[in-house]
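*Asks:* One structure follows; several queries about it will come next.
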Amino acid sequence: MSMPDAMPLPGVGEELKQAKEIEDAEKYSFMATVTKAPKKQIQFADDMQEFTKFPTKTGRRSLSRSISQSSTDSYSSAASYTDSSDDEVSPREKQQTNSKGSSNFCVKNIKQAEFGRREIEIAEQDMSALISLRKRAQGEKPLAGAKIVGCTHITAQTAVLIETLCALGAQCRWSACNIYSTQNEVAAALAEAGVAVFAWKGESEDDFWWCIDRCVNMDGWQANMILDDGGDLTHWVYKKYPNVFKKIRGIVEESVTGVHRLYQLSKAGKLCVPAMNVNDSVTKQKFDNLYCCRESILDGLKRTTDVMFGGKQVVVCGYGEVGKGCCAALKALGAIVYITEIDPICALQACMDGFRVVKLNEVIRQVDVVITCTGNKNVVTREHLDRMKNSCIVCNMGHSNTEIDVTSLRTPELTWERVRSQVDHVIWPDGKRVVLLAEGRLLNLSCSTVPTFVLSITATTQALALIELYNAPEGRYKQDVYLLPKKMDEYVASLHLPSFDAHLTELTDDQAKYLGLNKNGPFKPNYYRY
């Protein structure tokens, strides 16, 4: 049974008809305007950046920026912080000054500073522990006289760390440890605030080393502390400016890759200053490496590939804290997860967590996603890549770009096709495609973001490590690699507990005596495995 047409109220029918005519006229007028607007063509780069050799001056153009903008850069573009010429001119060829007249920096666009400042302020809201440390120690200025040269990811979270170091009395010069992880607007905000920062998203390898060199090689300014992430800064100083180490009081290193390089130097007797291994501190291993990766692996994969995880077969290479975080997230969304491991202890942990431990060769033909988390080199070789199924996704959650043999894919018979920012299709002669993310570099910071609160824990640990090394009396630390004192780990954790309204139980005198502990800690021996 059909319903009768609705009857308009008396006197309203003609008004509705006129309103409809006006609405139609406006709609067609708008459509005509849209039709006349010229269509913008997406520009794809003809040549891929070759990272096996230093490019020429004309080869310094940002690869990622010439193709597509990151999620954060799109906001700044919409707010008219950038113009089309920014993608054509290398920051090294620009003459920029901040509002104070200083040009002691090199960033993508200093006009992005206002937007970057808002990003930093947002990050500060979830980094209350670092802000608390800044307020507690600001009067004492424990880093007064410190000249810190840093090479880390330059994000809103690390900007909070850098500005905390400055508030505690340090002078800082900074570069990026990854060519894709810099937030341009944040770098601009730091430059506007007076920090000598040399970094932008999409640097070439030549740019990367140039930025590090500008931080170290400065007339009238010599660093006495190093904060490194990956060991590239430390390597550059050893290679180019070994005399700088005469004034360096210590190195703080936060990544497994950089720590490995420090231990190699120590073993060879070439480590000439004390170094603090932040990566293996409890507050880095058990929080940043685990929880940060558990959340950011999914974010990075979703943003780049729109992949559905349920039912997908995924192999994760390495079951350390990073691997554990990745596997937990993938398993929770229904992925079928395999593990590769060299360590029988980690392998047994994987088995008891419900994962199959396999050799990569055994599953490489069937898996949909390959993730590396080892800190090693050539974990995924050209042979593995040749045997992968069509549309297999390959990415890295370790620090450096050595885990996947990307260099072996730069051959004439393979075609590279950039399909979106940080996503390349590598096409074999038979038409097979492998989806390579961030050119084998760190997925989460290259393609997405990471949880601010977790980074607050790591940043606070780094700040305390710098304070400890800088103020340590002569002789406390020798030319070796050290772990952060347990008491400092506990202090970092205690600063973050108020965010959860958590309240610690206090030992009685009798209980403390029974356990042989100080009531105020440390509560665990150095050999304790959390």
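We number each residue from 1, going along the chain as drawn.
Placement of Cβ uses the backbone N, Cα and C atoms for every residue, glycine included.
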*Asks:* Going by what Swiss-Prot says, which of SER74, SER102, SER400, SER408 is noted as phosphoserine?
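*Replies:* The candidate carrying the phosphoserine note in Swiss-Prot is SER74.
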*Asks:* Which one, ASN277, ASN361, ASN376, ASN471, is listed by Swiss-Prot in the same NAD(+) site as GLY318, TYR319, GLY320, GLU321, VAL322, GLU341, MET397, GLY398, HIS399?
*Replies:* ASN376
*Asks:* In Swiss-Prot, one of 36-46, 113-123, 245-255, 520-530 is tagged region 'PDZ-binding'. Which stretch would that be?
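*Replies:* Region 'PDZ-binding', as annotated by Swiss-Prot, spans 520-530.
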*Asks:* Among the binding-site residues listed here (GLY320, VAL322, ASN376), which has the Cα closest to the Cα of THR155 (substrate binding site)?
*Replies:* VAL322
*Asks:* Let's see if you can do this one: DSSP helix, strand and coil counts over the region 'Interaction with BCL2L10' (138-201), in that order.
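*Replies:* Once the DSSP states are binned, the region 'Interaction with BCL2L10' (138-201) shows 22 helix, 15 strand, 27 coil.
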*Asks:* The record lists THR155, ASP229, GLU254, LYS284, ASP288 as binding substrate. What's the largest Cα to Cα distance among them, in Å, rounded to a whole number?
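*Replies:* Greatest Cα-Cα span of the listed binding residues: 18 Å.
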*Asks:* Counting each residue once, how many in the region 'PDZ-binding' (520-530) are helix, strand and coil under DSSP?
*Replies:* 0 helix, 0 strand, 11 coil
*Asks:* Excluding near sequence neighbours, so keeping only residues 6 or more apart in the same chain, what lies with its CB under 8 A of SER391 (phosphoserine)?
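*Replies:* The list for SER391 (phosphoserine) reads ASP368, ARG433, VAL434, VAL435, given in order along the sequence.
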